[in-house]
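Have a look at the structure below, then the notes.
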């Protein structure tokens, strides 16, 4: 009974606060905020959306209520289509699929159809082999692929055209290997499946996100040859970055958040402020740590420029990979 | 040993016992409702687990998972509608038993079978986790392909007398499973520019459509014709005779289900189907299977629960989710700052053992919950059709919506309802269709991956001991029924003792 009383009281107080404030600040947001997770509950996008929701709420950064809605399907396509028709109280989580879906001809929408609000975090890519593999460095491996592309089976998942695939394509490209010759085995179960395949020696090398292989590497069950980050990573001091191996590239696997088209200047500014604050909270930092993500915050302006630059890169990679004819 | 005892101490905290019981109960409920499976239930609970102690969270999620294995067969038995892929096998004999007025016995034996399967599997977990995890690694694309082939051949061979219809249903299922983006090439197949179809057709929609909606449609056809005579539900506990028949099948199915569960991607559907078909082949009275043989219900029930325990092994020892539910659990655990993987046993043994021990408590709680529910659930059979069928349809639509929050799925649901109706009218077996959809996609991908890695040579399918064993079993499962029939016919005139020996 006591609890209900407290609850009622706080609801009343909240109601009083919000009605009092609404009059003096700009009217945005005037109703509940909805964050679209373009995937089923439990996946990376869902977790990103729910974390943003929780941190915005717990720190009272946003005065209206924040909800998460799941719209899975078509590699984000279904959720983003949904967002496209909504007003500025709806946001959606995104990743490089926003760019690649279009480049691969799987979607008509591009990043230009939305209002980028921020890039939030990034994961890094890793290329790993089994512990008894004869290849001790990424250059050893690439040497062999150059000699006989068919001799190296590369595990990737859950589909071609994603960051796991394209990161490897870029490495091969930079070593002068024709990416279309690469012998990819696609595991549609994704990261976990390719790691199992590597540990069972069903493939020679895997390209996946770092979090899938980090623990196995630390436990000595497989060997990460290289990571795609710009500097050596904590706990993985023994693993060189691609740049340290003389392959001049950095490959982030980023996640961000965006709004529907035609958001106003004020609305964009609102989110720039709120999200800058959000990424500074301890909860956000803890989340990054738990997921092996790195801070990659860029505001709306920077994200826009970043998208243009990324689109160009992906376009080249996809053309080289032979996926689009 | 210390860690084991420490784990028990953690589980026996009242709060954790509370979560085990709540999880088991929730799991039983979602397992019963078509479409609402453990994966959905765990996913919906993720926001709640945010504030929880990670150990309690994993105990809760695991309890939902195996709780659903108990619940899944309830609707199979009562309504001929499996709650999940792993409960399909429970329709084969569970529903005929209910029609014979043995619903109470069926539910009681399946609860006890689940309990025994679960507890044996927990022992398996304790002693065999590491070697089995290593065994699972030996399964490459060719082995997975052959395992799925074995499952399909086993299920087709079950439909004796209508083998051709079984093959047709299976082929239809395989066709449906090709819808979506082809992972190996990125090509869209049969998606008709509907983005929703690019990830293929969710097999749960097919299950709900063909079984639940199809069953309701079918009953509409006959609702006025036959005055169903009331089947008295006599007892809610099984007889000694039924126990005697089920005892060995239950004990044999537990290890089988457990091992299949450990293989990432195989899971409860394949496990329960394999136990059913092997029990049928071992049985002295195979002709009773499908007509309400009690061991035909008990075996898959023991097996799928054991599989759900087995599925925790790759998750906890390697950080690799072996099923949809464990994938969601992995996501939730990462959010809580726990990363299942090779280091978990070393870094956090208390938590791992707490989970393992919670499964003992959970299974005890579940067998009690489920037996207590029997008396209540048999009442469903007394519900008048005009109340029951609209209710089923409503649940079917709700369950479908929760799968991907899309209305496109409603149309698919109705389409499969109609397909189910026609299959019933024309007396096609349904299980081959559904199972082909469940395994078809993976089967094709594994076949192609195997060939890619061998540069096109078929010899890869004969290259390991596991492959050859699977091939032999597949051949046996197809021809055994035929051979045994011949053998029986021939010896019918002769010595009857020889057969039973």
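Placement of Cβ uses the backbone N, Cα and C atoms for every residue, glycine included.
Caution: TrEMBL annotation is automatic and unverified by curators.
The structure displayed is predicted, hence computed values, not measured ones.
Residues annotated as domain 'DUF112' in TrEMBL: B:17-435. Here the domain 'DUF112' (B:17-435) returns a mean pLDDT of 87 for the predicted model.
Nonlocal intrachain contacts for the transmembrane segment (B:17-36), taken as residues 6+ away from its ends with a CB within less than 8 angstroms of a stretch CB, comprise 11, 56, 59-72, 74-75, 81-84, 87, 204-205, 207-208, 211-212, 358, 361-362, 365-366, 369-370, 373, 392, 395-396, 398-400, 402-403. What TrEMBL lists as transmembrane segment is B:17-36 (among others).
Feature annotation from TrEMBL assigns transmembrane segment to B:42-66 (among others). With a cut-off of 8 Å between Cβ atoms, the residues of this chain six or more beyond the transmembrane segment (B:42-66) that come close are 10-11, 15-16, 19-24, 26-27, 30, 118, 305, 308-309, 311-312, 325-326, 328-329, 331-333, 335-338, 350-351, 354-355, 358-359, 362-363, 366.
Residues or ranges marked as transmembrane segment by TrEMBL: B:106-129 (among others).
Annotation source TrEMBL lists transmembrane segment at B:135-156 (among others).
Under the heading transmembrane segment, TrEMBL lists B:163-181 (among others).
For the transmembrane segment (B:201-221), same-chain residues at least 6 beyond its ends with a Cβ under 8 Å from one of its own Cβ atoms are 34-35, 37, 79-82, 84-85, 88, 91, 176-177, 179-180, 385, 389, 392-393, 395-396, 399-400, 403-404, 409, 412-421, 423-425, 430, 433-434, 437-438. Summarising the annotation, TrEMBL assigns transmembrane segment to B:201-221 (among others).
According to TrEMBL, the transmembrane segment annotation covers B:254-276 (among others).
Look at TrEMBL and you will find B:311-338 (among others) tagged as transmembrane segment. Residues 37-39, 42-43, 45-46, 49-50, 52, 54, 57-58, 61-62, 65, 68, 125, 129-130, 132-133, 136, 261-268, 344-345, 348, 351-352, 355 of the same chain, all 6+ positions outside the transmembrane segment (B:311-338), place their C-beta atoms under 8 angstroms from a C-beta of that stretch.
Counting only same-chain residues 6+ beyond the ends of the transmembrane segment (B:350-381), those with a CB under 8 A from a CB of the stretch are 3-4, 6-8, 10-11, 16-17, 20-21, 23-25, 27-28, 54-55, 58-59, 62-63, 66-67, 70-71, 74, 78-79, 98, 103-104, 107-108, 111-112, 114-115, 118-119, 122, 125-126, 231, 233, 236, 305, 309, 312, 316, 338, 344, 388. What TrEMBL records for B:350-381 (among others) is transmembrane segment.
For B:387-404 (among others), the entry in TrEMBL reads transmembrane segment.
Residues or ranges marked as transmembrane segment in TrEMBL: B:411-440 (among others). Residues 85, 88-89, 91-92, 148, 151-152, 155-156, 158-159, 162, 165-174, 176-178, 201, 203, 205-218, 221, 269-270, 273, 396-397, 400 of the same chain lie 6 or more positions beyond the ends of the transmembrane segment (B:411-440) yet place their CB under 8 Å from a CB of it.
Residues 138-140, 142-143, 145-147, 149-150, 153-154, 156-157, 160, 277, 281, 286, 450-451, 453-454 of the same chain sit 6 or more residues outside the transmembrane segment (B:460-483) yet have a Cβ under 8 Å from a Cβ within it. Residues annotated as transmembrane segment in TrEMBL: B:460-483 (among others).
Take the transmembrane segment (B:106-129) and the stretches B:135-156, B:163-181, B:254-276, B:387-404: counting Cβ pairs under 8 Å, B:254-276 has the most. Using a Cβ-Cβ cut-off under 8 Å and counting only residues 6 or more beyond its ends in the same chain, the transmembrane segment (B:135-156) has close neighbours at 163, 166-167, 170, 259, 262-266, 270, 273-274, 277-278, 313-314, 431-432, 435-436, 439, 442-443, 445-447, 449-450, 453-454, 460-461, 463-464, 466-467, 470-471, 473-474, 477-478. Long-range contacts of the transmembrane segment (B:254-276) within the same chain: residues 69, 84-90, 92, 116-117, 120-121, 124, 132-133, 135-136, 139, 144, 147-148, 150-151, 154-155, 158, 289, 296, 299-311, 313-314, 320-323, 431, 435, 438-439, 442, each at least 6 residues beyond the stretch ends and with a Cβ under 8 Å from a Cβ of the stretch.
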